[in-house]
Amino acid sequence: MQFIDQFIAMMPMVLFYSAPLIFTALGGVFSERSGVVNIGLEGLMVIGAFSGIVFNIFTADIFGAFTPWLSLLVGAVAAGIFSLMHAVAAVSFRANQVVSGVAINMLAVGLGVFLTREIFGRGQTDSITQPFYTRSVPILSDIPVIGDMFFSGAYYTTYIAIIVAVLGWYVLYKTAFGLRLRAVGEHPMAADTNGINVTRMRYIAVILSGVLAGLGGATYALTISLSFAGSTISGQGFMALAAVIFGKWHPLGALGAAFFFGFAQSLSVVGANFEFLANVPGFYLTIAPYVLTVLALAGLIGRADAPKANGDPYIKGSR
Amino acid sequence: MMDNKKLNIIIPIFSVFLGFLVGAIVMLAFGYNPIEGYSALFQGAFGSMYNIGETIRRSIPLVLSGLAIAFAFRSGLFNIGAEGQVFVGWFAAVWVGVTFDLPAIIHIPFAILAAAFAGAVWAFVPGILKATRGVHEVVVTIMMNYIALHTTNYLIRTLLSDGGSQSGRIANSASLATPGLQEMFGYSQIHWGFIVSIIFAVFVWFFLEKTTYGYELRAVGFNPHAAKYSGMSVKRNIVLAMVISGALAGIGGAMEGIGTFGYMYTHGAFTNLGFDGIAVALLGANTAPGVVLAAFLFGALKVGALSMPPLSGVPSELVEIVIAMIIFFVAASYMIRLLIMRFKKEEN
């Protein structure tokens, strides 16, 4: 029974490791479903984390306990604006989208650290005084077992992430907007013929991906790192990208994949508590998430087909 | 209309210019003098024999990781995994350097070969998965990067030291660094790896442009369906391209292992040698000569950046912004094409 207890105790950790990944992966889903590859998720997270932290530090006195929520919003908006760069390059200027994404990643880190030095005089910001705190959901946390697993000692941001994922699924699959967005990513010429404005749809999708990745970055900064430096976001954006593909470009698939990564990451942190894992060197637990992902891709998931027009700029009148 | 070859040269040059322009605007916006900033950068990169030596040293692994990524790009593959391949290559070269006792003429090639092999093995996994199962190489290589990072850290602690954070020094016979050369360049960390990197640049150029294998790889990259229709094995070419790409990146790691450092230490994060290789490949238009030039530019920028804070007060991250903007403009080259075309029209 001890195993089950520890498993239950681990769940809050899984939830909070997953939240930034869920947000960011959803951003990836929107962008790629519209046909724009977004390797820049990592950089967009950096912008989200940076602006969230800076806003938090400078306005904590004004907004008090409300600050982290506003910081989240600021992170999302800032990254949304930043993503315009990718949109302009990828949609209007027919850039190689992978390349433009790589540029976004480099620029975000360079700009973030440059500004941090300008503002704080060193490569790292101060720690924020108004982070998110873990909460127990009233009533729901009293439910035996499930309450302990999912509703106590967690951040509200995780629940928001899950809600946004479901919302994302609804928007993509149950609304006319979602249908158009997917059409643009599968066959832009056909979509264009039917009167859908391909350029506009892609711009919206890329900006949405920026907003969501910004939310992800800010969530990470405001719940886990609590300050910003050049190494704050180190690879989470790429993990989110992996979650997009692992989840087969589906919002709920990405949600599941993000949970899986969160689970694997937590396992490497608290794995030694489990009796049957106690003798396994920490190294194996550390690489487990990555090895499991490769194995899963090779065996279970197999062929994952991207949206047909993913990565292709749409040039009017071309066949 | 300008022909493509000309544009392939003009666009990178123009992008570099625009990148520096953006950097200057950023400096102005934050109250710095761009001329002071850039002259500090230039001083740092080329100010003395020492600085030139450091710039060359910094460029060496970038040439190889750039070649690795360019090679994969030409075959239609995106090898984000160069980062991880650099790690395993570095480790393999140091392992050979520490473990064996051989004459230099055998020891050095052996270490480089081991690094190439390690990188190739690391790239074989995404290659074979892409070829046989259609798994997207980007995700697998990202995962392989993390596995490489943690595995080499673990092996340094267990195999190459007693729980320490650093391996022992390699034998002198395995080292590419010689006191004479370093003395010539003001006691910088320069090493003979620059010759190794040039050799492989020539190899890649020859392989891609002059051999049937290279032709097939490019054909697969250009249009896999047409390549298949004309009897080429797409699968074999995918695996081959990944393996060669991985070997090149692995050798890039060896340059750090038996050249710059002479040992390997545990890393808390990625070195960015592989990721910078993406930028190098792109600026170099995925050609071997272009990669060499781009690597040298980025090497100079990265070394020069270190002199910016002491000499001009500008944070060294400004260079990251410049590099990012260069890449951005290369990516959005259609914008530059439009500009050039408009210019031409007015002339007529």
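The first residue you see is number 1, and the count goes up from there.
Keep in mind that glycine also has a Cβ here, set from the backbone N, Cα and C atoms.
Annotation source TrEMBL lists transmembrane segment at B:7-35 (among others). Under 8 Å from some Cβ of the transmembrane segment (B:7-35) lie the Cβ atoms of residues 283-285, 287, 290, 294, 297, 312-314, 318-319, 321-323, 325-330, 333, 336-337, 340, all in the same chain and six or more residues away from its ends.
Per TrEMBL, the feature transmembrane segment maps to B:55-73 (among others).
Taken from TrEMBL, the feature transmembrane segment applies to B:80-98 (among others).
Residues or ranges marked as transmembrane segment in TrEMBL: B:104-125 (among others). Residues 68, 79, 81, 84-86, 88-97, 140-141, 144, 148, 170-176, 196, 239, 242-251, 253-254, 257-258 of the same chain lie 6 or more positions beyond the ends of the transmembrane segment (B:104-125) yet place their CB under 8 Å from a CB of it.
Beyond its flanks by at least six residues, the transmembrane segment (B:190-208) meets 53-54, 56-57, 59-61, 63-64, 67, 70-71, 74, 112, 175-178, 181-182, 214, 217-218, 244, 248, 251, 255, 259-260, 287-289, 291-292, 295 of its own chain at Cβ-Cβ distances under 8 Å. Summarising the annotation, TrEMBL assigns transmembrane segment to B:190-208 (among others).
Marked as transmembrane segment by TrEMBL: B:238-265 (among others).
Taken from TrEMBL, the feature transmembrane segment applies to B:321-340 (among others). Beyond the transmembrane segment (B:321-340), the same-chain residues lying 6 or more positions past its ends with a Cβ under 8 Å from any Cβ of the stretch are 2, 7, 10-12, 14-16, 18-20, 22-23, 26, 279, 282-283, 298, 301.
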